[in-house]
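Student: Before I ask anything, here is the structure I am working with.
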């Protein structure tokens, strides 16, 4: 009887390497596949693609599996990077890793793996898949400190039915132990951080290669000009560092934070104090939705939600549709609202709002707007909250 073939996405890191080894030990016919998703800067100081490939080959030789490289750079630029730039240009803060998983790692990669006669694919993500009554559920990892279901919430039934996450039941510390015990050449390699195509380079420097600077006023809620920004695309909601007001002693003397953007007037609004009302939200509206089960939860469903990675689940109530002026959007586009029990800090348009029912990831959507702690205010795409005197 032939062994079941599993194609493993190998990045050169410890997690995907241990994933391949575990599956080989379990008797699967394992094939490693290295994805190259970015063409530029291959010889630059910030690009590790060449070394990553060397590490993949070394690991494959050690554990005794075949490995090949596949180039998805064109698909990545078309499906992920173009959207990344569009979102930043519109003043939002996107999460390209979420889109990369849905469009590249579990679509282009999955399609290629099937062409290699694979029955399943596997990655080193920390998450779990469970089949129940013919449906597939996406679950949090056993090690909640490493859980990556937030980034995987756009996966659908077809993708999950073909996916394995061997590390979902294993603590990260155990993964490191396994790597050392079997002598993996990359056992002590640091975990990768940041957006894959940016690497370790300064984010603002990278973004400036693709988006022009467009200076404008930096104002407080009462309309006072306190500085000049270099372009709204270069700032994100809740940002503290890099604003350029560190030495300013005006106002309360507390740290400054980015609180809103007004695209029409090219104005960046800043406030002082971590818990300023403009940084706190009890409600949000999200669009571009995706549900793991293929359908949304029931209207009024009480659940938990994350509005950023590694955030604790925040208790909230799900609404099938937003109400009021914020409900306006592209015709036919599904949207939802969340009403939180407690105010959430720096809910950022462009990021993902991901819903959970305990351990089960239900799916989510892209945050479009978030009502702040003051009546009549909202942080949304292209609009600043109402000025203080208008409250």
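Any Cβ shown, glycine's included, is placed from N, Cα and C.
What Swiss-Prot lists as active site, cysteine persulfide intermediate is 196, and the listing cites sequence analysis. Summarising the annotation, Swiss-Prot assigns ATP binding site to 9, 10, 11, 12, 13, 14, 15, 16, 35, 124 and lists sequence analysis as the type of evidence. Annotated compositional bias 'Polar residues' per Swiss-Prot: 372-382, in sequence order. Residues or ranges marked as disulfide bond in Swiss-Prot (evidence: sequence analysis): 100-196. Taken from Swiss-Prot, the feature region 'Disordered' covers 372-391. Marked as site 'Interaction with tRNA' by Swiss-Prot on the basis of sequence analysis: 125, 351.
Could you place these features in context, so I can see how deep they sit and what lies close by?
Tutor: DSSP classifies residue 13 (ATP binding site) as coil under the three-state reduction. Packing around residue 13 (ATP binding site) is summarised by its Cβ count: 20 other Cβ atoms lie within 10 angstroms of its Cβ, all protein chains included.
For residue 100 (disulfide bond), the count of additional Cβ atoms within 10 Å of its Cβ stands at 25 [all protein chains shown]. In the three-state DSSP reading, residue 100 (disulfide bond) counts as helix.
Around the Cβ of residue 125 (site 'Interaction with tRNA'), 26 further Cβ atoms fall within 10 Å across all displayed protein chains.
Under the DSSP three-state reduction, residue 351 (site 'Interaction with tRNA') is assigned to coil, being neither helix nor strand. Summarising the environment of residue 351 (site 'Interaction with tRNA'), the number of other Cβ atoms within 10 Å of its Cβ, over all protein chains shown, is 26.
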Student: Consider the recorded positions 9, 11, 15, 35, 100 and say which one has the Cα lying nearest the Cα of residue 125 (site 'Interaction with tRNA').
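Tutor: In terms of Cα distance, residue 125 (site 'Interaction with tRNA') lies closest to 15.
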Student: Just to be sure I understand the packing, how many Cβ atoms besides its own are within 10 Å of the Cβ of residue 11 (ATP binding site)?
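Tutor: I get 21 for this one.
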Student: Assuming the binding residues for ATP are exactly those in the record, 9, 10, 11, 12, 13, 14, 15, 16, 35, 124, what is the maximum CA-CA distance in angstrom, rounded?
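Tutor: With 9, 10, 11, 12, 13, 14, 15, 16, 35, 124 as the binding residues for ATP, the largest Cα distance is 16 Å.
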